[in-house]
């Protein structure tokens, strides 16, 4: 067991790219994606709030997805940008704990929310007459609240453990945020048991919801195949493909990262995969849902006309 320093409380985030001219282009690209994610998700939240025709369970869930994505990307990218600009990569153990807590909360809550959205589409397409009963406003609120609460409880447990263990003198975290699994590599105690809890959490918040989503869309595709209406088939396929695109970008790299044993993981690969589920997904979600959804485009047109009623 290596020595550890209990007086030093700062960690060093090594970052995603070097703090030099070679890292300027990827840094600028990340900042651009971050700004697009902020504008896109804020616009989606405001659009759903302002247009009464989007006051439906599907869009209520979508507004929560945008809110989670907004918090998700804001938890990591601003700190990474600050570190690059000011060449100050240190972060206190409390700061690391706060960042880890919000990251894990959003990660777990979003995994459950995507499953809730899949269930919503499953009921809407397979049981359209039962939809107002099965997906009532009360049920929708319960699904959203449950996602937030379960994500917070899971996050609190992991963050508490990370803040309570001793760390070695080398406190360099080879990542661009305080990832609990990467922090285990600099711990001065055996964390084998805890690594099993990470595997269990990943299974509960990623693998099981993904199985539920796959089952839901399997039933949806079967129901769509049996439809007589060509227009109905087209609309259903469009909705399903949109959601599956989001799910693929989020679940696949996330699950691949956290379900692998530590000895099979490399820092470079972890960082690249993290870019997908932390940075790219929050930017792509509002774009995918707006460009592939006629109701959202129609709402955007109505809200724009209401704000700027100038006839061209």
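Cβ atoms here come from the backbone N, Cα and C positions, even for glycine.
The domain 'G-protein coupled receptors family 1 profile' annotation in TrEMBL covers 40-289.
Sequence-distant contacts of the transmembrane segment (24-50) (same chain, at least 6 residues past either end, Cβ-Cβ under 8 Å): 16-17, 59-60, 62-63, 66-67, 69-70, 73-74, 77-78, 80-81, 84, 279-280, 282-283, 285-287, 289-290, 296, 299-300, 303, 306. Look at TrEMBL and you will find 24-50 (among others) tagged as transmembrane segment.
According to TrEMBL, the transmembrane segment annotation covers 139-163 (among others).
Annotated transmembrane segment per TrEMBL: 204-224 (among others), in sequence order. Listed by sequence, the residues of this chain that lie at least six past the ends of the transmembrane segment (204-224) yet keep a Cβ under 8 A from its Cβ atoms are 107-108, 111-112, 114-115, 118-119, 121-122, 125-126, 150-151, 154, 232-233, 236-237, 240, 243-244, 247, 251, 254-255, 258-259.
Positions annotated as transmembrane segment by TrEMBL: 236-252 (among others). Remote same-chain residues near the transmembrane segment (236-252) are listed as 110-111, 114, 117-118, 121, 125, 206, 209-210, 213, 217, 220-221, 223-224, 227, 276-277, 280-281, 284-285, 288-289, 292-293 (criterion: CB distance under 8 Å, separation of at least six residues from the stretch ends).
TrEMBL lists 272-291 (among others) with the feature transmembrane segment.
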